[in-house]
Each structure stands twice: as structure tokens, then as C-alpha cells.
Amino acid sequence: MFQEISQKQIVELTKGSVLNRHDELMISQLAIDSRQILHPSKTLFVALRGAKADGADFIPQLVKLGVQTFLVHDDFDESTALDVCFIKVADTRRALQLLAKYQRSLFTNPVVSITGSNGKTIVKEWLGEILGQKYAVAKSPKSYNSQVGVPLSIFGIESYHQVAILEAGISKAGEMAALEEMIQPNLGIFTNIGTAHQEGFESLEAKLQEKLSLFKDSNFLIYCRDHDFISEAIESVFPSDKRVGWSDRAGAEFTRSLKVKGNGSRMILMNSDLSTHTFHVPFTDVASLENITHVIVAAITLGQSVGSIQEGIAHLKSVDMRLTLKPGINDSLLIDDTYNNDLAGLKVALDFMQQQRPKRRKILILSDLLQQGSPEKIYAEVSELIKKYRFDQLYGVGKEIFFLEKEFPESFTGFNSTLELLAKLDPETFQNDLILVTGARVFGFEEVVNRLQQRIHGTTLEINLNALTHNYNFYKKLLSPKTKVMVMVKALAYGGGAVEIANQIQTMGADYLGVAFSDEGVALRKQGIKLPIMVLNAMQESFGLCSEFNLEPVVFSPEYFESLASWSIIHHTTMKIHLDMDTGMHRLGFEKKQIEVLKSLIKANPQLEVASIYTHFVGADEEIHREFSLTQMKNFIVMKEEVLSMLSYRPLIHALNSAGISTFPQFQFDMVRLGIGLYGVEVTGKFEQALRTIGTLKTTISQVKELEPGETIGYSRKGVLATGGKIATLALGYADGYDRRFSNGKGYVLIHGKQAPIIGNVCMDMCMVDVSGMDVKAGDEAIVYGEKISLKELAERIGTIPYELLTNISTRVKRVYYLD
Ligand SMILES: *Cc1c(COP(=O)(O)O)cnc(C)c1O
């Protein structure tokens, strides 16, 4: 919170009813996450209710920590903690927004807000970078642009900031009003509008109008006039003295002309008074050019000089701003945050680090924060954070970072430059560590990351952890809040990488994990995964492992029951088991006629506790099997009742897989088993638009060749370019899991957004694509699976299903994880 505020004021602002007031207590920090408390007594903890958890559950432990002021829902039972202050409101999220609105009203410098479908984050970062040449800039960390993200961004504004840049994002109708009320932007930027997330709105028109309402009280609104749909709407609502439109056609407030020059472009902007400004920008692609034009026009509108804008642009790159988790050397885990220059961003990175599995040591490699303001104050806060997150070793690069030396004489090593750090750092000293590399872009920490990461070869599978969370929450919303979720992470979490995905699932608050074999479960336990784990097919030889690592086998036949029972008796141990009822799958499971035998086995073996009873659908994704699915459920209900009737305790009942959740939510029972949907494939086709793609399989071009008419390509001379052309060789083959059936035009990849079909046969480690007429070179990236490629469609082309494509991706393909 940037301005201290008394408890009394908080009560007034939120119109809450208060218990155990302490009116004069001053609050200067706000937390919604129990792990982020720095100064307990000065913190207001806001208990939010989300799909995954209720913040109120953490209150007892926060009271112990020393937090004294809580914002809670009306129905909160305060009897557990009597001597702290509870402010009760109907909706804590709304109360948080009211506090943010008040804090915003105290800030008298300009607030810029950005909305639109694409480019918000990049426009925010670039504008921040360019204005930061001259001014102390506050900006939303990463993409904190939602109903909760915006208030948190506002609390990050400090009184010394001279301008604030806040992103605003909405996903359904009605959300913008609250954002507008909080942000009250003086200057607006509308990037563009796409059809993404259309499902939350009546129409594209309705979505546009809702987004535009953010700017109803702004002094200026910047937009591109060449998007006719947007400009018509803006020009019918906003008076001309508010509009700052730019266009490649004449007649706008700014007319742009572009010319490609080398690796970049020359941009001339002509103002409506006919004055012109020339900029050199390091981009040639349409999207980056559009984004940078928004940024330049905004900086000019804010009164920044052309010279200083140009200086700022010279340093920009279309760099990756994402926070990424990568495999590091010697079993270390590396968090790559090499595009971070302020405290707000540092906090996000630290929080992300905290969610990772425990490792031997925690290492922080950090540059100067290029944040305007008093270094003493800034580094005092950095010190607090370092203490809180308990680092074992610190490496600092820059000048001001030496402030940390006094605080951490034992663990701090300082360097004047990144080059010096690289010269003196011996990567081999890291072993099984968790390493956070975070620094401002000018420090070029990419090189440090390169040095510390496990060699990444041509092909990588990038996993978007935010998309994973999005998909999880999507399914949670289809379910009753009480229903538990088991996430299936068999087969390396459908190819995504079992341990990191399981860790994320654990953080999201899922209840159970499911694996196929015991060794998959053992691997998760060895990496610190604590959730209960069900094993679908635990072989007899692995009973010992199940017991040692607390894995819960599925029991699927009388014979299996007997052998597990005698094993547990011989080893004097108890175990949790799950019972699979075969209602039509005919894979594993008890059949109806075996129920009596099963009941007597359960009765005779109290050392085996039935943790759950379940069945599995054979065709929940296909309408033609609807009747069959309903019959399966009817039989399941009879079978599970039979077993339940003889038990003195109540195991969990579950049946639904991803398709089942979409189609038969009435059969959710106590738990569901979520698989492919979490990984972004909605097999029923019902909610396809609602899910986000979580994985992008990428490779690089190794070589480009020009071919004469009639020359053939690859083994067996299957590929031919009849009229000649150009091919590119990719570092991807069937040994990476790229199916050989994609040969000869069945498959394609995307290069610079264009489809390049596979030509010839896919080889073991390579394949060739037709890039005739495309501007490509060695080193360019090719997208194999990802957002713009439908896995379902690709799978159909070769007669398989998305499950197979995902799980086939070989372990030699490196997995990296990021937050977007
Ligand atoms: C794999 C599996 C699931 C998950 O199925 P999806 O279709 O991927 O959601 C659920 N239950 C069982 C028993 C499974 O084997």
C-alpha cells in the first residue's frame, strides 16, 4: 500500500462491520497470500475466495505470525482468534477494489492504462522502459491486469512515482466497470481487438464497447485508426479533442510511414500540424511495429522529447519477458527472469520461486534495480525480501546492489559488471540448487542463464503454467465447490513433464494425483510432491515401493486383492486402496458378478482401507455413446452402493474424466479425474474456446536449401518439388516423438506464422519442410504444436488422437515452464 492508512479508515472505506477494533493501528502493507507477509503487524490480510482455496483458511497461522487486521467475508467464524481485528464485508474482493480506488485517488500524477486483446503487456513494458529514461515509473507487474491484479498493481504505486502504467484485462461482460473505477486513467491506449475469449460476451461489438468504457473519463485515448471496427466505435463515442488516432493513411492525428531498413524499420510520424518526427525501431514485423507505434504516440502525448524517446527505443528488443523455469546444470532448477527492473517484478519472481520444489540451496543472482527513487529505501526493501525468502547465497551485479553487502556480509558477492560475474562464476559450484536469475535487461543476464542452464538443443516443449491454472479453474467452475479433483499425471503428465506439473497442481490446490505405474509415483515423491497419489496399475513387484512412498494402488480383481492383502499381512502394514469397477471399459476392474467376492475380501482385510471407489467412461466424449454412458453410471451406482453398505467409513466416489466433466456434471460424486482437459484439449468440442493451449513444441531450422525442379528430398526419394523451390531442415524427427505418419505433406509446422508442409519422409532426428517463397534462414524458429495449431486436427490427419501426440514427445525434448 503506498499510503499508510488507519484501521479505522479501512473500516470506513470498505463499509465493513468491525470486531476488536484498534482504530489507530496504521496499515502500510496488504497481502492476499499468506506466504507474502513482510511486516505482520502493519499488514492487512484480505481473505479472498478463489476456485482453489479460501484465504480465510490461513488466518490461524497468520495470527500466530503476528498479523492483526483481517478483511473477511460476513460468514467468517471469528471464534478461533479473539484478539485480532476482523473487518467483515459482503465481498472481500470488492472491498479490496474499494481500497485500491482510494489509494488511486491519492496519486495525482498521470496514470496510463492499456487494454485490448493483444500486446497489452509488451506495450506496458516498452512504454515503461521509454518513460523510465526520465521518470520514476510504476507499472503492473507481469500481467497483473484482472479484478485482483489491478488492485495489487495500484498498491505498488509509491508516492515518489511520477507516472503509473496499468494494464486492464477482462474476460467477461461487466468486469470493466470495477477496473475503470479503480484505475481512472488520464491517458488510455487501446491496442486492438481479437476474437479471443469471445464466449464471455454477447458479441464482438459488446466486447469492444465494454473495453472502451475504461476510457470514459480519460483526457486522451490512443488507438490505431486502421482497425476500422475500433475506430468507428471510438469516433462515434469520444469527442475529437480526446482522440489521438494514428494511421498509415492520411488524415489521422499521427500519420505513419514505414520503410524497412536492415534489421529494423524507419518510422516517420507526421503530426496533424504537419510537423514530422523520425524514429528508427528495431522491428520489422507488423505486430511489433503496431505496439511500438502505440508506445511512441503515448510518449509524445505525455510530453517526452523525441530525442529521449529515440534513446529508449534503441535499447528495446522484442525479448522474452516471461518468467521461465528451466532445467539447470547438475540437477539444479533455474528461474529465468532476465527482464525485470523493479521491486514489483522481483516480488512476483520470488513468489514463483517459493512455489517450486525444495532444493539443496537457494541462490539469488540479482542486478541493480533500475528503479528511480531512494536507493537506501529500495535496497532496504530488497534486504527484507531476501531475508524472508531465506537465500543461502547472493550474487549482485551493478553499483547500488552493494548496499546489500552490509546486510549480508557472509553470503553476498558483488560484481561491477555481468562480464566480471561471468569471468568469476564457476557453474560447477551449483548442484541441485534453486537459482533465481533476475535482472534489468541492460545487464544482459541472458548470458548468465545460458551458462547455468542444462544445454538446450534445437527442440523444446514450453509449458505455460498460467494456462494450466486457467484450465484447472475452468473445470473447477463446472463443478460444485465441494467436489475434489484428482489430476491424472500419468505418462509424464501427458508429456508435459510430471514433476513440475505435479508441483503446479499441488500449488493450485488439487486433491489427488493419478499415475499409471508405481515408479511414476516414486519419482514424484522423491521430488517432494506431497499430494495423495493413486496408482492405476501397481505391479506386484512394486508393493514395497507403494508402501515405502505412500502410494495408493488401484485394486481391480479378486486375485490382485488377495496378493496385496497377503503382502500387507506379511509386512505388517496397512494401506489405502482404490477399487476400480468395470462398467463397460473391460480393461481392468471388478465386474458386477464379482461384487460378493469383493465384499468378503474387504471384510477379511481391514488392513486395506478403501480410499475410493470409481469407474471409467468408455465414450463420454461422443454423443453416440450417450446411452451407453448413462447405463455405465446406472451400473456403477448399484455397484458402489453394494460396497458402501458394508463399510463403516465413507470412501470417495468418482467417475468423471475430462469429457465426463463437460458432458455429465450430474455424476461428479465426490471427486473427478481430470486429464487431457487440463492440458488444453477439450475432446468433446463443447468448450473448446474456453481452454488455453498449455504446450508449445518448438524447434529450429538447421539449414535452408534451394532445390532445382525434380530434385528429391530425404529417404526413399519421397519428397519432390516439381518446379523447384526451397526447403528447410528442422532439428526434429520421430525419435523426438514427431510421428513418422506426418511425412509427405500430412503434417506441417508454422514458421513466422505461415504453414510449411513436411516434405519427404520424417527422419529419426530431422525432417524437411517446404518453405518455397518464404523468407527464412537457419536458426529461425518453427512451431510444431501450439496455440495456432489444433492438435485434434493434426491427430486426425494421421488417424490418431491428441493424447498420443502429446504423450509421444520424447524425454530428450527439454521442457521449460513459464508464466505469461
Ligand atoms: C487417464 C485416465 C483419466 C483421465 O482421462 P482424460 O480423458 O485425459 O481426462 C481418468 N481416469 C482414468 C482411470 C484414466 O486412466
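All residue numbers here begin at 1 and follow the chain in the order shown.
Glycine residues also receive a Cβ, built from the backbone N, Cα and C atoms like all the rest.
Since this is a predicted model, take the numbers as computed values, not measurements.
According to TrEMBL, the feature active site, proton acceptor maps to LYS490, TYR715. Residues or ranges marked as substrate binding site by TrEMBL: ARG587, MET764. Annotation source TrEMBL lists domain 'Alanine racemase C-terminal' at 694-818. Under the heading N6-(pyridoxal phosphate)lysine, TrEMBL lists LYS490.
Figure note: comparing Cβ neighbours within 10 Å for the recorded positions LYS490, ARG587, TYR715, MET764, the maximum is reached by LYS490.
Separating the Cα atoms of TYR715 (active site, proton acceptor) and MET764 (substrate binding site) is a whole-number distance of 11 Å. For the domain 'Alanine racemase C-terminal' (694-818), the DSSP counts in helix, strand and coil order read 23 helix, 47 strand, 55 coil. The average pLDDT the prediction assigns to the domain 'Alanine racemase C-terminal' (694-818) is 94.
Distance noted between the C-alpha atoms of LYS490 (active site, proton acceptor) and MET764 (substrate binding site) is 26 Å. In the three-state DSSP scheme, ARG587 (substrate binding site) is classed as coil.
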